[in-house]
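**Q** I have a structure I would like to understand better, so I am pasting it below and will then ask my questions one at a time.
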Amino acid sequence: MKIGVFVPIGNNGWLISTTAPQYMPTFELNKAIVQKAEHYHFDFALSMIKLRGFGGKTEFWDHNLESFTLMAGLAAVTSRIQIYATAATLTLPPAIVARMASTIDSISGGRFGVNLVTGWQKPEYDQMGIWPGDEYFSRRYDYLTEYVQVLRDLWGTGKSDFKGDYFTMNDCRVSPQPSTPMKVICAGQSDAGMAFSAQHADFNFCFGKGVNTPAAFAPTAARMKDAAEKTGRDVGSYVLFMVIADETDEAARAKWEHYKAGADEDALSWLTEQSQKDTRSGADTNVRQMADPTSAVNINMGTLVGSYASVAKMLDEVASVPGAEGVLLTFDDFLQGVETFGERIQPLMECRSHIPAVTREVA
């Protein structure tokens, strides 16, 4: 099973809490995280894009770096780990993304790929005057289908004359082209999102579900597997989890309860309000899960809380789910979390037994 790190491009990572670690996103922080991840044989690093945060006492995600420029910098200071940036497709023409991706492919020596997102939080785009109207919610995957076709044309042949409802290319050129086939990833959980990923993505991200229920996402992976089979393609699921680990189950649980007790209610109210704007995509979208009050303090990603051995066992259970090809991990404390994972958790995982033992890196 592949292991990735979801780097904290926004302040405070993925814990919407006054009692969680408070920090700003910087290049130096993300450089240290990704270099540690590479040292411990993580397979990939991904950054999201967020253009407006949730406010509240913690100013959650009000402070964010930009994904492509961050990952270009990280590509230059790593040598093995795969690097993925996220394109907010309403803000960037596909020909520009194609050229930026080709540039980072050159920087990384063929280790780069692109995560495509349609956009769900209206204020991110309204603040710039580029929100296309609420009808966009129902046609966003039509838009993204044309977008990815332009990308594939330009990466594949260096030229596009695509004509569609949203994009018109007139002998559009991009050169040099990527040195290796460019990976495209998505995070669809609605029926429309999964149908898009089945047709166009190399793999699909989905949320884990619940606390210490590592296989609860299995129905989502099964839906993705079924959708891919209809297209004759193999599109695996990569599952998002937060790891909160300690020497004992009790110590890890105490951390988790401490973070929940400090939940930033004002920021969570903003998330809930925004999640209700899309009335056209169904009840199974990522953003609806994010806002579920069950575990909104970490946007309801799957959460693995326990001793190092307990977390290792739960990750092996994830690996046993049909269609699950990888996990994307976040941590309450990223620098310590990546190191602890590499030294204390990964060596106990059967699905990572092929990874050589690694000692702590020398500063």
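Each Cβ is built from the backbone N, Cα and C atoms, and glycine gets one as well.
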**Q** For the FMN site that Swiss-Prot assigns to Ile49, Lys50, Asn115, Arg140, Tyr141, Ser190, which of Glu38, Glu124 is also named?
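**A** For the FMN site that includes Ile49, Lys50, Asn115, Arg140, Tyr141, Ser190, Swiss-Prot also lists Glu124.
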**Q** Does Asn115 (FMN binding site) have same-chain partners at least 6 apart in sequence with Cβ under 8 Å from its own Cβ, and which are they?
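**A** Correct list: Leu46, Met48, Tyr84, Ala85, Thr86, Ala87, Val184, Ile185, Cys186, Ala187, Phe205.
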**Q** For Lys50 (FMN binding site), which DSSP three-state class applies?
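**A** The residue in question, Lys50 (FMN binding site), is coil (DSSP, three-state).
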**Q** Grab the FMN binding residues from the record (Ile49, Lys50, Asn115, Glu124, Arg140, Tyr141, Ser190) and give me their largest CA-CA distance in Å.
**A** 21
**Q** What number of additional C-beta atoms lies within 10 angstroms of the C-beta atom of Ile49 (FMN binding site)?
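**A** So the Cβ neighbour count for Ile49 (FMN binding site) comes to 23.
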